[in-house]
Each structure stands twice: as C-alpha cells, then as structure tokens.
Amino acid sequence: MDPIDPELNEILDFTEYGPLTPIPQDDGENPLAKICYTTGYEQGMAYFRAIMAKKEYSLRALNLTGFLIMNNPAHYTVWAYRFQILNHTPSYIDNELEWLDEIAEDFQKNYQVWHHRQKILSLTKNYERELEFTKKMFEIDSKNYHVWSYRVWILQNFNDYSQELKLTNELLEKDIYNNSAWNHRFYVLFETSKVVSWSLEEELNYLKDKILFAPDNQSAWNYLCGVLDKSGPSKLDNLIANLRKNLPALHKPLLEFLAMYEPSSSEEIYQKLANEVDVPHAALWTWMSQRSNP
C-alpha cells in the first residue's frame, strides 16, 4: 500500500481524532474501465467512506471534504456530506462562505459550488453579503450564467430588488452588448414588478439612447421586443418615431422590429429585407413574408 499522502495525513490527524480504517473503492473483480485516480484523491475517498460510515462530523471530516473538493469539485456526494457536517455543527458555518470565496474563482462555473452557497445562505440569511459577492464575480466574468442564476435566487428568496436597476446600469455602461445584463434588467422591471423607482417613459428614453449609441446591438433590440410584448405598441410610438428619424430607413434591426410593431406592414417589410437589405438570407425573409400573410 502506498504511503499516505502528506497533506491528507495532516488533515486526518490520527493523534487528535483517533485511528480510521479506510474503505477502498470496490470496482469488482474485473472492472471494465477502472478510473485512474491520483494517490492522494484515492486515499482521501477511502477515508471519506470510513468517515461517512461512522457518521463523523468533526473538523477533520470537514477538512477532508475540502481536500476532496479541491481535487474534484463536481463530487456532489462530498458536497452533500460537507453540508451535513455544517448543519450538525453550526459553529463551523461562520467561515464557510469565506472558504467558498477563496475557491469561487477557480470553480466559478461549477454547479455544486453555487448550490452549496444557496444552502449555506439559507442558514445564515446574510444575503447582502452575497449580493456584494456576485458583483465582485461580475468583475471577473459579467456574463457568468451561474452567478446570474445565484443572484436571481437571492432576489427571489429575500425579496430585495433595490440594487438591480443600478447594477444593470453599471454593467451596461461598461459593456453595452452584455446580453446577460439586458436579460436581468428585463426580468426585474417587467417580470417581477418589484422595482418601484422607475417609469416606462424613463426606461424607453434609456433604451432609445442605448440603441442610437449602438444601432446594431441585437441585445437592445431584443429588449425592445420584450417591452413591446409587455406594454403594447401604442406606448412605443414616440420611441419608434425617434428611431425612424435617427436611423437609416433600411437599417436591418429597425426593419425587423417594425415588422412586429406594425403587423399590417410586415409582409412589405420582410420583402424589403429579402430583396434589398439582407439578400443572403432572402429565403428566410420570403418565408417570413408568406407567413405574415397566409
């Protein structure tokens, strides 16, 4: 048997916590495709099985799960047992989010990391800290699906939407093409009705400025389509008049939107897209034209 991994030996601290008989992985007599683990990880999992078997919730058990997570952050059984330890010994919870902060950058797109944060936050209730943490993560990757999902989960569970408009303003100021920020803005303003310090008129002015600044930004046009769906065409008349005045008549994103905004003219607009504006995709626009006037 290989000598025990030095880091693992220090974590297990047999002098302090007593002996522990490892339980090796049982792959059967003739495994078809045995996975080749590192020695430290294989030994760690053997001791982890032993700790689970005896239902040990000690500090060494917690540290062992940390060792295993650093070697395999997707091992949901280890994460689940780590939470059992924390739930059993609440005094360990105080440092858990700090530990998660340290590993977040390395494993920022790992599902288990974010699910574990949700479970810890359900115990600590300190959601303000986590909202600030997500902002720091956006500085690393402002389009990280996992971070956005976690932030939405926080909003839904703690019902504090007061920072969201400011957050999307800041992110779109840095990157007007940030589709994640546009999606989040639409969600909090038009899907939740939780943000009170805004008006549709102000939002349409904001949107007008963003579209005129970057007329080919599909994210902003998609946002406008959502506003049309939620508010109806009559609320957008002034905005559309302004866009028509300031954008070329054959501007492709404008024409695509006008086909939805003015259904009675959609057949003509799609024909214009097919024949003049976007000839390489003429087949699509011809089909859209036929579909608009069955």
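All positions are counted from 1 along the displayed chain.
Cβ from N, Cα, C; glycine included.
Because the structure is a prediction, the values reported are computed rather than measured.
Taken verbatim from Swiss-Prot:
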type	residues	note
REPEAT	57-91	repeat 'PFTA 1'
REPEAT	92-125	repeat 'PFTA 2'
REPEAT	126-160	repeat 'PFTA 3'
REPEAT	161-194	repeat 'PFTA 4'
REPEAT	199-233	repeat 'PFTA 5'
Counted with DSSP (H/G/I as helix, E/B as strand, rest coil), the repeat 'PFTA 1' (57-91) has 28 helix, 0 strand, 7 coil
Over the span of the repeat 'PFTA 1' (57-91), how high is the average pLDDT in this prediction?
96
How many of the residues that make up the repeat 'PFTA 4' (161-194) does DSSP mark as helix, as strand and as coil?
24 helix, 0 strand, 10 coil
Tally of DSSP helical, extended and coil residues in the repeat 'PFTA 2' (92-125):
27 helix, 0 strand, 7 coil
